[in-house]
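**Student:** Okay, here's the structure, questions in a sec.
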Amino acid sequence: MNIKLQQSTLQKQSKIAITGSKSESNRLLLLQALYPNISIKNISNSDDATLMQKALQSADSVKDIHHAGTAMRFLTAYYATRNGQEITLTGSSRMQERPIKILVEALGQLGADIQYTNNEGYPPLQIKGQQLQGNLVTLDANISSQYISALLLIAPTLKNGLTLTLNGKITSVPYINMTLSLLNELGVETNFEGNTITVAKFEATNEAKTFTVESDWSSASYFYSLIALSGIGTSIELSSYKQDSLQGDSCLAEIYTKFGVETTFKNNTITLTKTHEATQETITLDLKNAPDIAQTIAVTAFGLQLSCEMIGLHTLKIKETDRLVALKVELEKLGASVDITDASLYLHKASTINKNISIATYKDHRMAMAFTPLALRVPLQIEKADVVSKSFPDFWRDLENIGIEMTEI
Ligand SMILES: O=C(O)C1=C[C@@H](OP(=O)(O)O)[C@@H](O)[C@H](O)C1
Ligand SMILES: C=C(OP(=O)(O)O)C(=O)O
């Protein structure tokens, strides 16, 4: 399905309820498999969370988690601990290009039996579950925090808990803190100081424990962008959000003040309002803690005809696509000039935005969603638009409801 977006104007005031965070959901689903007294409210309806649930529930020996990075990494650790169970864990062709060696070797230090089916260092994996021994693991922390979260999630079920020593610069730290906070909420003792994380053993209890997932902040980014590209006074209310979020992408509230958007928190909702014009000609950001909002921000800056320098983007090359290359190619089709390195992107100030450009999405939900707000400036097309379901299946319906005019082609 491709979508043609007419040049549109957002409703002056609107309301949306965004689905639960896929990051929180997939952590809680894994914890629920380990501690069945857990129940989960406002769980994400994303493909990634649905695939995680299916994999955990099905008795099949082959588990296919498609594009879901968290499911791939968290389930690798989980099945390595399932004594007597043998499974193959696989994913989409892109998933088979996303590295997993650091996690496999870390689990190997605990005695896990994991073999590569095709290419060393990449899924599919053949996992023979067993009771893991040992409690000390050292691993590189600069490639993906998901390897660390995967180990932390199984840590309280290990005989002596776990001590992780992290090598190198730690990336995507808020996602590690989210994992630790959820463990703490369950009652698990943890400590994170410098480059060492410890997790104590924790026994299952019968006491019911309910977690309520906060709505997804990465998904909220597209509404921040829409408001930034709208006229002064335009606002949207998004539920259900908290000021003390576990999600690092809640830094959007501060970042978007630079684009003229103010956020107010009230009764579990946030209201985003365009209150002023952008305050600077060049927006400079380090996104090592919030990699998933890089595409949204680059497109907002382009739409507002600002220049933008983003660093800390070293993880973008191994996500759903090489997001640095994808951003450069698609922004340049629209008339931008973009310089990239392995870890940064520089968008030069644009003087025009080309009309009726067809945006390729590279099997990456965030490419489709990040470019859509440009419909407030020019008509454009989004190719393979159903890709959004990885994290936000209701995206197109919600956008139509707030005034974005579109037709399927
Ligand atoms: O732990 C998580 O839920 C996630 C961690 C981040 O990945 P990296 O740690 O690989 O950057 C992020 O990009 C991803 O969307 C979700
Ligand atoms: C990178 C992402 O997801 P994952 O790594 O979990 O596939 C994302 O949602 O932007």
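Just so you know, glycine gets a Cβ as well, placed from its N, Cα and C.
Keep in mind the model is a prediction, meaning the values are calculated, not measured.
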**Student:** Per TrEMBL, which of K169, K288, K390 sits in the phosphoenolpyruvate site along with K22, G69, R98, Q146, R323, R366?
**Tutor:** K390
**Student:** Using CB under 6 Å from any atom of ligand 2, narrow the recorded positions K22, R27, S172, D292, R366 to the ones that qualify.
**Tutor:** D292, R366
**Student:** Taking the binding-site residues K22, S145, S172, R366, which residues show a Cβ-atom distance to ligand 1 below 6 Å?
**Tutor:** S145, S172
**Student:** Using all protein chains in view, find how many other C-beta atoms are within 10 Å of the C-beta of K319 (3-phosphoshikimate binding site).
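**Tutor:** Cβ-Cβ neighbours of K319 (3-phosphoshikimate binding site) within 10 Å number 21.
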**Student:** If one measures from the C-alpha of K390 (phosphoenolpyruvate binding site) to the C-alpha of K319 (3-phosphoshikimate binding site), what distance in angstrom results, rounded to a whole number?
**Tutor:** 13
